[in-house]
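Annotated in Swiss-Prot:
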- M42, G191: substrate binding site (BINDING)
- K118, T164: ATP binding site (BINDING)
Amino acid sequence: MKNKNVIQKMREKIPLIHCITNYVTINDCANILLSFGASPAMCEAYDEVYDFVSISSALYINLGTLTKEQETAAVLASISAKNHNVPVVIDPVGCPAIKRKVEVINRIAEVGRIDIIKGNIGEIKFLAGMDSETRGVDSLDNGENALNACTQLAKKYNCIVAATGQKDFVSDGKRGSVIKNGTEMLTKVTGAGCMLGALCAATCANFEDKLVSTTAAILSMNIAGEKAYEKAQLPGSFRIALIDNIYMISDEEIWERGNVEWK
């Protein structure tokens, strides 16, 4: 897998990533995409999304602070993505607490398309119909059977599924990866998961093997976090160092430093 130039190909293309995301972390998602080498657009007006998706490289839908207006825009955007062959990444933030979000995901799967679902372990287990431990938008799950949950959900939606936690798990329904990089400090800043979803959209935009591209996105975030923590041990300075290290991350670094078990 070390010959997979996911980041290089992404930076050569400078993909336009259309984000319909939450109000808490919208700025973080835009900044990390810019640092990574992509071009973010935070467009969510119903009258604009269909046309804008048609010129985008990927669509990122984050359900964190889902309003009715965002819901209708997200569904329409997914229809445009299906019609224009634009990959879609879904982040089901808080779905165990708010069941309407599951209905939105199912609606998008029905009328649009889903290429990647990226959530924490609790969210992914919940969507897979398994017992999970969550508190609001946070997972309290220990990760047991997480890869199995990813595999089941990947088969259900015919997409890539990633579950994040102390270890991270990715599956396409047949193949999988387990990632053991990262730092606990990523849980001490708001929006690390949302930013990761944006990176997944960037790496999948122009890379055919989305299991590999999703694994590369997670490695990029986790290794940038590890390096950031080496220089910044407090949350405020860590957030800034994280963005800086995403800017400097490379394919060579993620595959050499990455602790990945391929399944």
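Keep in mind that glycine also has a Cβ here, set from the backbone N, Cα and C atoms.
Sequence features annotated in Swiss-Prot and their locations in the structure.
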residue : record                 : CB count, 10 Å
M42     : substrate binding site : 15
K118    : ATP binding site       : 31
T164    : ATP binding site       : 27
G191    : substrate binding site : 21
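On a Cα basis, M42 (substrate binding site) lies 24 Å away from T164 (ATP binding site).
Counting in whole angstrom, M42 (substrate binding site) lies 19 from K118 (ATP binding site) by their C-alpha atoms. Under the three-state DSSP scheme, K118 (ATP binding site) falls in the strand class. G191 (substrate binding site) falls outside any helix or strand according to DSSP and counts as coil.
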